[in-house]
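Undergrad: Straight out of TrEMBL:
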COILED    235-262  coiled coil
TRANSMEM  6-22  transmembrane segment
TRANSMEM  42-64  transmembrane segment
TRANSMEM  84-111  transmembrane segment
TRANSMEM  131-152  transmembrane segment
TRANSMEM  172-193  transmembrane segment
TRANSMEM  272-300  transmembrane segment
TRANSMEM  320-347  transmembrane segment
TRANSMEM  367-385  transmembrane segment
Amino acid sequence: FQICFLLFAVLYIVSYFIITRYKRKADEQEDEDAIVNRISLFLSTFTLAVSAGAVLLLPFSIISNEILLSFPQNYYIQWLNGSLIHGLWNLASLFSNLCLFVLMPFAFFFLESEGFAGLKKGIRARILETLVMLILLALLIFGIVWVASALIDNDAASMESLYDLWEFYLPYLYSCISLMGCLLLLLCTPVGLSRMFTVMGQLLVKPTILEDLDEQMYIITLEEAAIQRRLNGVSSTVESQAAELERELEKVKSKKTNLERRKKASAWERNLVYPAVMILLLTETSISVLLVALNILYLLVDETAMPKGSGGPGIGNASLSTFGFVGAALEIILIFYLMVSSVVGFYSLRFFENITPRKDDTTMTKIIGNCVSILVLSSALPVMSRTLG
């Protein structure tokens, strides 16, 4: 219990700093709104910590298995055992269900609530409205599933299973959401793999081959001055022309900032870091595609290669990779690479561009949407990794 608590505490602190980095700075608000925002912030931080824990579970299990194989009798790693790993997986599943079906809906409705008409305004009135909305939402979802079950499989056993919320209803509903998360991952990951090169190209300084940065800097400075003079000469009544000039000026300033950064960068950063990162990305992408192609070939040729679920040799009994510790380390790197690529691809899709977080300018509603999206993606990551091999 102490180990689980310490791990989650570290993840919670990291998640809190991440969310506060993107959260819009609160203006002067009433005490009631400030309390509501603070509660929603804590619930969102809890959800993001659970998402990070779900992402780290599979790499932690792989590295723990290899450590137990390498040092089976070491006294200092006796705490690292199968019961701990299985307990972490059970806790991750429990907290994922809790966040997805209780905490995040509560945070959203609590943030949007104002209290029922005729009641005294305050935190209690908003909590009452939120609880009523949650009950109505639960009844709506339960009714939809009940009707769907009656239409598809109308027998006594299937109808009675719906009464067992804890053992059947919630796991089944969570499995359906994980399936949607897997489909979303399969859609986002290829987009993210192609976008990773563009993103890293924007973050890193490109080599200056056959380029004169001083000449480009002189030209961009003249262009900025010309646009500034045109903007000063435009009458305030011509708003459309002034707005267009301001947009052009912002683009020129952005280009000037990039040129200044490239000019200040050292020769090592320009000529070594950028090619090394691009080669690393190309290598990881090639290995990922190769492993997926080999796994598909195995599935077509050998039916024993099909995933058999959670059954296996157990923790610390056999290596999960053919190449031992090196192969396990490569798998962990690829798992993190796939998760980062899927997140980049997720925010690259047009449908989800509106919820992209921005530094110091993200509302709590968007933060809740981002936390739910990342939770769904992280919950589906182990299933996708297992399916793709």
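Just so it is clear, glycine is given a Cβ too, placed from its N, Cα and C backbone atoms.
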Undergrad: Counting CB pairs under 8 Å, which listed stretch among 6-22, 42-64, 84-111, 131-152, 272-300 touches the transmembrane segment (320-347) the most?
TA: 42-64
Undergrad: What stretch in 84-111, 172-193, 272-300 has the biggest tally of Cβ pairs under 8 Å against the transmembrane segment (367-385)?
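TA: Per the Cβ under 8 Å count, 172-193.
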Undergrad: Please work out the mean pLDDT for the residues of the coiled coil (235-262).
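TA: The predicted confidence over the coiled coil (235-262), as a mean pLDDT, is 72.
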Undergrad: Any contact between the transmembrane segment (172-193) and the transmembrane segment (84-111), i.e. 3 or more CB pairs below 8 Å with pairs at least 6 residues apart?
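TA: Yes; at least 3 Cβ pairs under 8 Å.
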Undergrad: Grab the same-chain neighbours of the transmembrane segment (272-300) for me: Cβ-Cβ under 8 Å, and only residues 6 or more beyond its ends, written as numbers and ranges.
TA: 193, 196-197, 200-201, 204-207, 306, 330, 333-334, 337-338, 388-389
Undergrad: Same-chain Cβ contacts of the transmembrane segment (6-22) under 8 Å, 6 or more residues past its ends?
TA: 41, 44-46, 48-49, 52-53, 56, 88, 357-362, 367
